[in-house]
């Protein structure tokens, strides 16, 4: 059941759609504006090959269609991939979701998952898109080139790919209950949170469910567009821009009898990378340095010790609002 008092506003209200085929300076300005105002936008004409997208989606569908015992067997210890069902993190958060989680830099899964080729091609494509968006961001902010993209280009980058499958309601309630008016078919598939990494590049099938929180604290439903990628600012990018960009709070709901599939690339830096406000961002903004300097490993450890909805960045502020 969906809880909370936040009001839901119209679908796609104020969500920027950025055409990556436009003139470069125009694209960079639009990205900066979107990151400042909402921390979320869609990109079209992004250059990711449709064959790569389709292969990834079909192989994911094939995997989640397997019997439960086969899927649950993909939970090896100390491996860069795993299957999960309902459990989100290690602190009691749960949702109406099953997922596959891959560490993008370790090839150990290649011989064990039948769709490894599709996964590898997809990772390379969205990683390149993330780097391009981050370089355009740096240009729009007038900070040194590759200030952001260098962190995810390293061979040691701690990026992950997560494939979420939100099954139809009858798998949770049973077909007999679907006609019961007292049973709400709208559930929280993945609870309210921000992403701790630098940037997230997400694509979903034609089924809705994603919502983002705007500056008024209202939920904006994002219409599904399989031809576009959704991009959102993560906690680390908010820190590096000294709070100029917004790490947007978002969640996923499940509706009715349709199955939703989403694939998210979380662009993260190496564990030892030092993260803090860029000097150029502190000098150009009329406010003090808002965040301490820390390593991604330190932040990741602290962040994952909290619940999904907790405000992780508060632990690393240098001054209180």
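Glycine is no exception: its Cβ is also placed from the backbone N, Cα and C atoms.
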Query raised in the report: 193, 195 bind Fe cation in Swiss-Prot, but which of 69, 103, 250 does that record place at the same site?
Result: 250
Query raised in the report: Around residue 195 (Fe cation binding site), how many other CB atoms lie within 10 A of its CB?
Result: 24
Query - Counts by DSSP class (helix H/G/I, strand E/B, coil) across the domain 'Fe2OG dioxygenase' (156-269) - result: 13 helix, 45 strand, 56 coil
**Report entry** Residue among recorded positions 193, 250, 260 with least C-beta crowding, 10 angstrom cut-off
**Finding:** 193
Query raised in the report: In this predicted model, what is the average pLDDT of the domain 'Fe2OG dioxygenase' (156-269)?
Result: 85
